[in-house]
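> Before we start, here is the structure in question, set down as structure tokens.
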Amino acid sequence: MMNGTLVTEFLILGFSEMPHLRVPLLFSFLCLYMAAISGNLLIMVTISASPALHTPMYFFLVNLAMVDILCTSTILPKLLDSMMTGRTISYGGCMAQLFFFTWSLGAELLLFSAMAYDRFVAICCPLHYSAWMGPRVCAFLAGIVWTISLTNTSVHTGLMLRLPFCSSNVIEHFFCEIPPLLKLSCAPTQLNEAMAFAADVFLAVGNFSVTILSYGFIVASILKIRSAEGKRRAFSTCSAHLIVVTMYYSTVIYTYIRPSSSYSLNKDKVVSIIYTSVAPTLNPLIYTLRNKDVKVALRRLLSCC
């Protein structure tokens, strides 16, 4: 497990403290992974094969599906493997998991803001929609999302790589994430914690504020709709989106805005399940499969197969 005094691999506790729930948990995570991958791939294929869906909203949904696939594929296969066989992960494997997960996390937080802005322009400024959300603008926003999130994860992973791990190698979590890893370092982690806090304020709190503000304007516009049926459908869609967004942002803010010393094994693992497994599975259902246009395109695609 150790090479001299330095850790060369980590032992992931996962859910080993609940051996009686191993089989139900294994089945649950397997179902979540299969649902997340199949749902997001189906959305990507459906949108790509349907010219009618080649609009800014669905462009961002394809990006969201890519992020969700990246997130679940980074976390869940290793989790399933650790529940069936060994619970160790190499130092390099742990840093790679940290890099790709943090990348997907930052990208998802930014994408929610881009999608909220798109809906704000579409509903509140429909006459300017084609100019404000043209192909170049969408490509620019997507580029910003992926670049900022890549820069963010590069900084955090780089800071983690400089830390020595020379005491315990037991990760009190089910994957390699910043808070539990910082608890294992035998060097000062103030810089890492400060950067994690700053990133959380910008990526989570900042983007959540932008998203809520956008939906505030959207709700105000919806209230002006005279048709009761139109109001009901609009509120149904917005409420579903807001539930997912609020659930995702709140759990991320809770995890990263606190010092690593306050990390709690059982409580924080439950919170992490929401943004690593549950949200990527729900996103295809909430954002697209409840959408009439997507259902029509999906039926047309399946009829051609």
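Glycine is no exception: its Cβ is also placed from the backbone N, Cα and C atoms.
These came from TrEMBL, pasted as-is:
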- 25-45: transmembrane segment (TRANSMEM)
- 39-287: domain 'G-protein coupled receptors family 1 profile' (DOMAIN)
- 57-76: transmembrane segment (TRANSMEM)
- 96-117: transmembrane segment (TRANSMEM)
- 137-155: transmembrane segment (TRANSMEM)
- 201-223: transmembrane segment (TRANSMEM)
- 235-257: transmembrane segment (TRANSMEM)
- 269-289: transmembrane segment (TRANSMEM)
> Applying the under-8 angstroms CB criterion, which one of 25-45, 96-117, 137-155 scores highest with the transmembrane segment (269-289)?
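When the Cβ pairs under 8 Å are tallied, 25-45 comes out ahead.
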> Any residues 6+ beyond the ends of the transmembrane segment (201-223) with a Cβ under 8 Å from its own?
106, 109-110, 112-113, 116-117, 119-120, 123-124, 149, 152, 231, 234-235, 238, 241-242, 245-246, 249, 252-253, 256-257
> So, does the transmembrane segment (137-155) come close enough to the transmembrane segment (57-76) to give 3+ Cβ pairs below 8 Å, pairs being at least 6 apart in sequence?
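Answer yes: the transmembrane segment (57-76) meets the transmembrane segment (137-155) with 3 or more Cβ pairs below 8 Å.
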> Do any residues of this chain, six or more beyond the ends of the transmembrane segment (96-117), have a C-beta under 8 angstroms from a C-beta of it, and if so which?
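Residues packing against the transmembrane segment (96-117) from afar: 57, 60-61, 63-64, 67-68, 70-71, 74-75, 78, 89, 141-142, 144-146, 148-150, 152-154, 156-157, 160, 175-178, 181, 199, 203-204, 207-208, 210-211, 214-215, 245, 248-249, 252, 275-276, 279.
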> Residues sitting near the transmembrane segment (137-155): Cβ under 8 Å, six or more positions beyond its termini, same chain?
56, 59-60, 63, 98-100, 102-107, 109-111, 114, 117, 195, 199, 203
> Average the pLDDT scores across the domain 'G-protein coupled receptors family 1 profile' (39-287) and report the rounded value.
89
